[in-house]
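Trainee: What Swiss-Prot shows for this protein is this:
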BINDING   29-57, R98, N137  NAD(+) binding site
BINDING   R105, N137, R168, T247  substrate binding site
ACT_SITE  H192  active site, proton acceptor
Amino acid sequence: MSTKEKLISHVMKEEPVGSRNKVTVVGVGMVGMASAISILLKDLCDELAMVDVMEDKLKGEVMDLQHGSLFLKTKIVGDKDYSVTANSKVVVVTAGARQQEGESRLNLVQRNVNIFKFIIPNIVKYSPNCILMVVSNPVDILTYVAWKLSGFPRNRVIGSGTNLDSARFRHLIGEKLHLHPSSCHAWIVGEHGDSSVPVWSGVNVAGVSLQGLNPQMGTEGDGENWKAIHKEVVDGAYEVIKLKGYTSWAIGMSVADLVESIIKNMHKVHPVSTLVQGMHGVKDEVFLSVPSVLGNSGLTDVIHMTLKAEEEKQLQKSAETLWGVQKELTL
């Protein structure tokens, strides 16, 4: 008799029970791992799968997390074979090529499209009913690519979009007002990154519109220069990259925030990237961030934001830029 047999007597043969809220993270780079640890520490799933083409790095990361199993309630698995991801509820895609110095955005996009041509069909094969969350950059274009390659309905393909931009925005407004970010309500919509659109007309604390108190807010003529806050949001990522080489923690927490709303069916409103054709005068098949309701079925509703003419124009301009890139892609 083995030690195990002496210690434990078997009462019944266990039937394998599938995980009801399994999450997969594709890509174990800085963003993938920050997303994984954030999901684990929020206790969102009973199984977390990780997959990557870099076998040793993947093995090391999985092992490192498994060594902390005592402090977690989640089963952690990892493999370069996508069968490990089977029956996931949410699949978070963080994998992709990094932009090389002097490389055009379009070239980077096409390289990532080629990577997605391998990743997305594999996800669909093993988790045909999952909700796909794209985090890789440029996120709006790659969410469109994932939607096209997966054949999923639009409610099940979401881009992390401006959820992080809005969090940065609220943090900086909070710093200026000496308030917690959760008490500063503010939205950034549109394209994630350089051409994102801050909705100054909607910025409020306890329902008090800040633009009502300072009608010049967000414009060039504002003596308090609130506009600089949006510039800081846009420059924030570049600043972090300059200082530490990459961004990870905030985007990881942002991803876990979105996963939580889906897994727990919270019907929370988040600025995430979705198909905006027909909204705000956008004519093309593009994905941009608008306030959207997230729950168990993915993205169930979109909130109609009251945007000023200038803000709508910025959105349409982003849409045209994205479409210009998308129509050149070979899918």
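Cβ atoms here come from the backbone N, Cα and C positions, even for glycine.
Bear in mind that the values here come from a model prediction, so they are computed numbers and not experimental data.
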Trainee: Of all the binding-site residues here, M33, L41, C45, A49, V53, which one's CB has the most other CB atoms within 10 A?
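Mentor: Of the binding-site residues M33, L41, C45, A49, V53, the highest Cβ count within 10 Å belongs to A49.
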Trainee: For N137 (substrate binding site), what residues in its own chain, 6 or more apart in sequence, show a Cβ-Cβ distance under 8 Å?
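Mentor: Result: G96, H192, G193.
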Trainee: Which one of these recorded positions has the most other Cβ atoms within 10 Å of its own Cβ: K57, H192?
Mentor: H192
Trainee: By a simple count, how many Cβ atoms lie within 10 Å of the Cβ of G29 (NAD(+) binding site), its own Cβ left out?
Mentor: 19
Trainee: Between R168 (substrate binding site) and I37 (NAD(+) binding site), find the distance joining the two CA atoms and give it rounded to the nearest Å.
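Mentor: So the alpha carbons of R168 (substrate binding site) and I37 (NAD(+) binding site) sit roughly 20 Å from each other.
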Trainee: If H, G and I count as helix, E and B as strand, and all else as coil, what does DSSP give for C45 (NAD(+) binding site)?
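Mentor: The residue in question, C45 (NAD(+) binding site), is coil (DSSP, three-state).
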Trainee: If you draw a 10 Å sphere around the Cβ of I37 (NAD(+) binding site), how many other Cβ atoms fall inside it, taking every protein chain shown into account?
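Mentor: Excluding its own Cβ, I37 (NAD(+) binding site) sees 21 Cβ atoms within 10 Å.
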Trainee: According to DSSP, does H192 (active site, proton acceptor) fall in a helix, a strand, or coil?
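Mentor: Note: H192 (active site, proton acceptor) is coil by DSSP, not helix or strand.
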Trainee: For R168, T247, listed as binding-site residues, tell me which one has the smallest number of other Cβ atoms within 10 Å.
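Mentor: It is T247 that, of the binding-site residues R168, T247, has the fewest other Cβ atoms within 10 Å.
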